[in-house]
Amino acid sequence: MKFRVWRRPQITLNSTECSCGRNHFTCAVSAFGECTCIPAQWQCDGDNDCGDHSDEDGCMLPTCSPLDFHCDNGKCIRRSWVCDGDNDCEDDSDEQDCPPRECEEDEFSCQNGYCIRSLWHCDGDNDCGDNSDEQCDMRKCSEKEFRCSDGSCIAEHWFCDGDTDCKDGSDEENCPSDVPAATCSLEEFQCAYGRCILDIYHCDGDDDCGDWSDESDCSSHQPCRSGEFMCNSGLCINAGWRCDGDFDCDDQSDERNCTTSMCTADQFRCKSGRCVRLSWRCDGEDDCSDNSDEENCENTGTPQCAPDQFLCGNGRCIGQRKLCNGANDCGDGSDESPHQNCRPRTGEENCNVNNGGCAQKCQMVRGMVQCTCHTGYRLLEDGRSCQDVNECAEEGYCSQGCTNSEGGFQCWCEQGYELRPDKRSCKALGPEPVLLFANRIDIRQVLPHRSEYTLLLNNLENAIALDFHHSKELVFWSDVTLDRIMRANLNGSNVEEVVSTGLESPGGLAIDWIHDKLYWTDSGTSRIEVANLDGTHRKVLLWQNLEKPRAIALHPMEGTIYWTDWGNTPRIEYSNMDGSNRRIIADTHLFWPNGLTIDYAGHRMYWVDAKHHVIERADLDGQNRKAVISQGLPHPFAITVFEDSLYWTDWHTKSINSANKFTGKNQEIIRNKLHFPMDIHTLHPQRQPAGRNRCGANNGGCTHLCLPSSKDYTCACPTGFRKTSSHACAQSLDKFLLFARRMDIRRISFDTDDLSDDVIPLADVRSAVALDWDSKDDYVYWTDVSTDSISRAKWDGSSQEVVVDTSLESPAGLAIDWVTNKLYWTDAGTDRIEVSNTDGTMRTVLIWENLDRPRDIVVDPVGGFMYWTDWGASPKIERAGMDASNRLVIISSNLTWPNGLAIDYESQRLYWADAGMKTIEYASLDGSNRKVLIGSNLPHPFGLTLYGERIYWTDWQAKSIQSADRRTGQARETLQDNLENLMDIHVFHRHRPPVHTACDVSNGGCSHLCLLAPLPKGYSCTCPTGINLQSDGKTCSPGMTSFLIFARRTDIRMVSLDIPYFADVVVSVNVTMKNTIAIGVDAHEGKVYWSDSTLRKISRAALDGSQFEDIITTGLLTTDGLAVDAIGRKIYWTDTGTNRIEVGNLDGSMRKVLVWQNLDSPRAIALYHEMGLVLSRGCLGDRRGLLTSQREHNIHRADKDTGANVILVRANLPGLMDIQAVDRARPLGFNKCGVRNGGCSHLCLPHPTGFSCACPTGIQLKRDEQTCDSSPETYLLFSSRASIRRISLDTSDHTDVHIPVPELNNVISLDYDSVDGKIYYTDVFLDVIRRSDLNGSNMETVIGQGLKTTDGLAVDWVARNLYWTDTGRNTIEVARLDGSSRKVLINNSLDEPRAIAVFPKKGYLFWTDWGHIAKIERANLDGSERKILINTDLGWPNGLTLDYDTRRIYWVDAHLDRIESCDLNGKLRQVLVSQVSHPFALTQQDRWIYWTDWQTKSIQRVDKYSGRNKETVLANVEGLMDIIVVSPQRQTGTNACGVNNGGCTHLCFARASDFVCACPDEPDGRPCSTSEFTECHLGRECIKYPCYSLSGEGLHVSYIIGGLLSILFILLLIAALIIYRHNKSKFTDPGLGNLTYSNPSYRTSTQEVKIEAIPKPTMYNQLCYKKETGPDHSYTKEKIKIVEGICLLSSDESEWDDLKQIRSSRGGILRDHVCMKTDTVSIQASSGSLDDTETEQLLQEEQSECSSVNTAAATPERRGSLPDTGWKHQRKPSTESEV
């Protein structure tokens, strides 16, 4: 902190504040840390003595004239300015207590009387000045957000994530202590704070974790550049920062072990020992921190005084009013000297005479006249005259524009801004500004005025730089760990790579939003590049004299680019955006210029210097440079500006901060406790203002890049492409240098002069070593020793493909025969030389003997020879014919590591480089005339090539590409340096000589490979590996006869036993294998079968890789064993996941579970067809046995009887699994089922004594023991998100069978239509309802629009309607089964409707609702008469099903974890199972309740009567959802809608006693109901029915039929009533009790209907009830209450016990012989829950359903007649024997 003291009073100095001692006033600390002391009497004297008015703030001085207004801060303004809406006093005191001003309709009225735009209300900005426009209600957080204690909202998953995201830290309070720590995979490294990064980034010298934990404990680090110092942590810093007194290393290792003699000649040593630049000596700044660099300096600088101050001769500043006042205020008398034209004081002056001679204001001070001036004027040196003050000259007086006027000024704003009510600051028009910042692992955004904090992108590796394109709504960022530039939409979607190659450390990024270009800096490559927004047409813009370019900013309106460079010579530069007119605008007092931004409205640039801890600004040309903030900046990194505020990130404080951009005051922390804040930008349209597009609409006529300059534009070409005209570029490259750098492949174009290297955009290049090329097809080929593959791509990076990727271990050399299109390579791992077509087909081994680490290889198609180097124990260079003939060692002495090979066709020489001998040599092609071309200054040559008159080579140690004259070795040049990991090198050109060979005509007559050979032979024919050449010397055998075949997880390979060497060949199946474990071979058809336990399928293909198909894709978990019965044409397999052994046809059809019991973990399987046995081990045909070793990755061979003669067949085969030996020449044997499949309709399976017929899983064999049904009769149907399966209930194995329905994503609910045999299901991923046949065919979408979350589905099989619940829309809808006539039934009072079920026979619709108030409801099928059945003691009622036989509802509650039931009216509620994990759906069949359970991942069942006998039907099923039963007994019954749709044109809804027709919500063009007609029934009131509009031709025939049916129905009712009354009078028994009501109104809370009983006949004893008997066990006339209305047809004592158990639990059902009644004799109902009509109807229905046990026990009479139900009952057994 600097202090400026002109008088020397007693002062006390410290590092945090200024203290000037007694009798002095301390001015405010300036932005530079300067302190000024003035005499105490100068405070509040109306004079600006401090220069910043701090001595006059808050003063009340009687210095204003009667014509002026006195502000609260002591300032005087014109009275006419009071209450004019402008803050002229600067403290708003001139606008207080003003009459209210009328605001316009589109304005907001502030409490202080200002009017602002309505849009500014509640935008987080204090526009009124008194914050009255920001007194707003707190924003509501969304469901996916967490509300902090301060009211701000953050992403929900940030709660308790270990990061403090709320400002107040409330998101990390009260967190559970057992939060599991993040676990990293084997390929990842775990940082100290838990984050996972790729393990390859561990100890790579980069801070990928953000806390350097990935760079700690590293035995070795990547070396730093020259001129850099490596910290112990691995960080590289400038070498000049070593021992400079600042801790620049994060571990402070740069200041350890320092001596006092570390300063260089261009440095100054402070008293503390710290070194600073010599140029900083006596520059007025305390750079040493002890002021020793500013001691003993001559005062050469002239202090700058404020406009209303006077500069004394001694450099001191005093207020203008102290000029010529008779007092020596300057201390040197210069304020009173004659030079100031101070007139002599006569003592007779008076302000009343001629105004004291003053031009404006006069006042008497100490008896003398003192002239002063009005506001806006300053006193001149004569002490009388006043001059206008140019307020515009004072920086920051106006936000943007300022126009001075006489005695005043006027502020104005740039386009896109509006002047605020204070008339000085400008507010940007548009949305609220958002701070967008990179946080290394994510990109976040924060509202600076509101603390709103949201996540934009997460799961990033190391995001550093970013920028945005507002109009295109894109955000761009660079990742220095992945070395990528990415982009995404501003909503976080559509993430994609823009630039993915050739980046090393892209630390700066900038978007040209006018011309749509992307610029970036790369401190690793020392370049600035440009490209289109999608990364195309990439060009190196600047590369010379760049060291470490960092921050970058664009000014597209001016066509300029600005950047910082923090290399050894830190500087800030700019140029035109086309790279021209480059200039340095700042290169002093810079050390670590990180961030850079441009204030487009203020026409200034701002930057931060992390080393100097300062924020500075300057004009755009570098003039008027000034420090804004120089205190409290530990490590500023990036900066942005908006309106009058600066925002910056700080690494040390992990925060985002803000301050005033003019003064540096009003500093505020926007956000702290961030992970690692990096780049920052203000997201607002005014940060990217509109400007003139210099390139226009047609890209300026340029074919590629149009780059703006200061006045016009320039057409530019991508790197390496030459210009063909002023606007056009070449479309291709003719010649370029091609070289590999392990992680990438680059080119240097010889078509241009700049020789910039350009990365070919290739994917997944990990360790490229060898290269070659073919200009005929524009292909570049390379080997990769990390992926052990050979790949190719076009020279521009397109059409990339892997050519060879199997059986390679270290492909180190590569050569292209461009004449016959062959690919040659060496493999130092397998010690082979191989050849194939250039696309990798017809691969064969050429040389496999006497090779010891072969390395580089070149071919000479002209002479027919190939040459290669060998690095083994005896290094040598060999040659052979290109068909491997005439092999010869040509060089064998004075060799160590012979690497590069190149042929000079002109001189017939062979060149090579030897890294061990450090030489480049050549010899004739036969090895003679050997000479050293270059023998000095070759540290480690590797790759070598020839072109023209030059030889080019790469050098590992020199990290450079060099060239020299190919004949003399002189004229050496360095093309590129500072390139790590240089490998092979070639020159791509289009001038290879044409060669005519015998292979040109009909492939030389060869069936497969035609290889060149030396003359006179010229060529020879060769076969692919493992196949023999036939006696004609041209034709190959059709395939392998005897071979080994084995699985290697990701591929299947064969080793021929027909040839003299063991070479594995991959079965080239065009499919990805993940974990191939078991294999089998059908020797008859020549097909291989395999199981993949990761993909969970069994596949097959021909041995040549063709005819691939998946045969089993469902129901597999871990298929470890597989066997093919080539005789019986079957495939068998074991599954350790399901513990099953299964069989099927070879095409996967007719699949059957053979064994499913008493299996623990079935694995290997073998067949003995002749005996009809499945065995655990197989045998080989000869005396030799084979063994795979998974640990050693080897295949061995030994004698199968003795184990002797062990040899190694193949080694180094990681992932080695199953193996089989195949001899296709061996006869198969006799097929027991060969004649008509044994007479079986499906499966014929052999056994020791013959064979047997079998059916597919779940289907029973018929009595003829030969034929099977097509499907099970009764089965469960269930969904598991991506599958629909069935479990047969006809068989005992309970095996699930997948139904092959296509395109399943997230299936939730199911139902079945027994009429058409269709499955209906909902898919909430696609938001559709679909249907298909039971075999998965004929899938079609029924409802494809207007769905959100369809959780429930039900089919009305009678009326042919489909019902569903939509939880997203909170509706229940209905449509015809084909999706037509769609209608919303219920859309009110639904919260979360879930399961749904229909009872067509009763006309009822049931559903569950698990919203805020969970409930189960019922309505008619048309949605009428809606009624809540259950709404108490419910949690999450998920599943719902109906028992149509016992008339009960069952449901599962996933919150209370239980299964319950009740009757159709919500009564007789019973808990069936009280402890279930997490049930979701349920169904019922016979005596069982089945349900799916999420937690146990199983389907279970329980006895529906007792809740006992719990069983697991199916276990280990992920994503279980709905479950239903398909059974002939399930969908029975009919109603009025069952015939001709009830006569309705669209929808027919059956109800309890009638039906209604309805119309769809959207008309479909057909006529529908328009009015109603009335139909009456006997004994009932008339019912209104809808009728239909008539056509011009009369009534539709369906209406006539409906009318006739109605008449017939009435006649039948009358006949039934007559018969019923006749029978009633005939069978009435006076001995039976009469039913009486105690309170038929049901208005009280609980009522009982009681029965008066007298002794009954013996046959009535079959009713079980609670009874009391006398001593003689006789029945007395007493009141009997039947328990809960349950009638039993059994006298079993155990069932009576169950009845007592049910009695205690309020209701239940017992066994199969149960007749339910809804409290027929004992009814309990809530008051008002049923009206009289409902009650009467209920009693009528249930009495008829649970009526007399036999015909002798007639229906008892009741008071009040009940209408006849029309049901005829079968006669029941009358005795126990009959029962």
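Cβ coordinates are placed from backbone N, Cα and C, and glycine is handled just like the others.
Look at TrEMBL and you will find C44-C59, C64-C76, C110-C128, C141-C153, C148-C166, C191-C209, C203-C218, C224-C236, C231-C249, C243-C258, C305-C317, C312-C330 (among others) tagged as disulfide bond. TrEMBL lists 411-426 with the feature domain 'EGF-like'. Annotation source TrEMBL lists region 'Disordered' at 1725-1779. Taken from TrEMBL, the feature repeat 'LDL-receptor class B' applies to 473-515, 559-602, 603-645, 778-820, 821-863, 864-907, 908-950, 1086-1128, 1129-1171, 1360-1402, 1403-1446, 1447-1488 (among others). Residues or ranges marked as transmembrane segment in TrEMBL: 1597-1620.
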Sequence-remote partners of the repeat 'LDL-receptor class B' (1403-1446) [C-beta within less than 8 Å, at least six residues beyond its ends]: 1352, 1354, 1356, 1359, 1361, 1363, 1365, 1372, 1385-1386, 1390-1397, 1452-1456, 1461-1462, 1464-1466, 1469, 1479-1484, 1489, 1491-1492, 1504, 1522-1523, 1530, 1532-1533, 1535, 1549-1553, 1555-1556, 1558, 1709, 1714, 1716
For C191 (disulfide bond), the number of other Cβ atoms found within 10 Å of its own Cβ: 19
Proximal but sequence-remote residues of the same chain as C148 (disulfide bond) (Cβ under 8 Å, at least 6 apart): I154, D165, C166, K167, D168, S170, D171
Helix-strand-coil residue split for the repeat 'LDL-receptor class B' (559-602), DSSP-based: 0 helix, 23 strand, 21 coil
Lowest local Cβ density (other Cβ within 10 Å) among disulfide-bonded residues: C128, C203, C317: C203
Long-range neighbours of the repeat 'LDL-receptor class B' (821-863), counting only residues six or more past its ends (CB under 8 A): 770, 774, 777, 779, 781, 783, 788, 790, 792, 802-804, 807-815, 869-874, 880, 882-884, 887, 898-903, 905, 910, 912, 925, 984, 993, 995, 997, 1008-1009, 1011-1012, 1014, 1022-1025, 1061, 1063, 1065, 1212
When distances run from the Cα of C128 (disulfide bond) to each of the disulfide-bonded residues C191, C243, C305, the nearest one: C305
Helix-strand-coil residue split for the repeat 'LDL-receptor class B' (473-515), DSSP-based: 0 helix, 21 strand, 22 coil
Cα-nearest neighbour of C258 (disulfide bond) within the listed disulfide-bonded residues, C44, C76, C209, C249, C317: C249
Intrachain neighbours beyond the repeat 'LDL-receptor class B' (1360-1402), with Cβ under 8 angstroms and 6 or more residues off its ends: 1309, 1313, 1315-1316, 1318, 1320, 1322, 1329, 1331, 1341-1344, 1346-1354, 1408-1413, 1419, 1421-1423, 1426, 1437-1442, 1444, 1449, 1451, 1464, 1481, 1532-1535, 1537, 1541, 1546-1550, 1552, 1558-1562, 1564
Positions whose Cβ lies under 8 angstroms from the repeat 'LDL-receptor class B' (864-907), at least six residues beyond its ends: 813, 815, 817, 822, 824, 826, 828, 833, 835, 846-847, 851-858, 913-917, 922-923, 925-927, 930, 941-946, 951, 953, 966-967, 984-985, 993, 1011-1015, 1017-1020, 1022
Number of Cβ atoms other than its own within 10 Å, given for C312 (disulfide bond): 22
Helix-strand-coil residue split for the repeat 'LDL-receptor class B' (1360-1402), DSSP-based: 0 helix, 23 strand, 20 coil
CB contacts for C305 (disulfide bond) [other CB atoms within 10 A, all chains]: 18
C231 (disulfide bond) versus disulfide-bonded residues C141, C191, C209, C243, C317 - nearest by Cα: C243
Of C44, C191, C243, C249, i.e. the disulfide-bonded residues, those within 10 Å of C317 (disulfide bond) when Cα atoms are compared: none
Which of C153, C209, C236, C249, C330, all disulfide-bonded residues, has a Cβ with the fewest other Cβ atoms inside 10 Å: C236
Among C153, C243, C305, which are recorded as disulfide-bonded residues, the nearest neighbour of C76 (disulfide bond) by Cα: C305
Pairwise Cα distance for C203 (disulfide bond)/C209 (disulfide bond) [Å, integer]: 11
Residue distribution over DSSP helix, strand and coil in the repeat 'LDL-receptor class B' (1403-1446): 0 helix, 23 strand, 21 coil
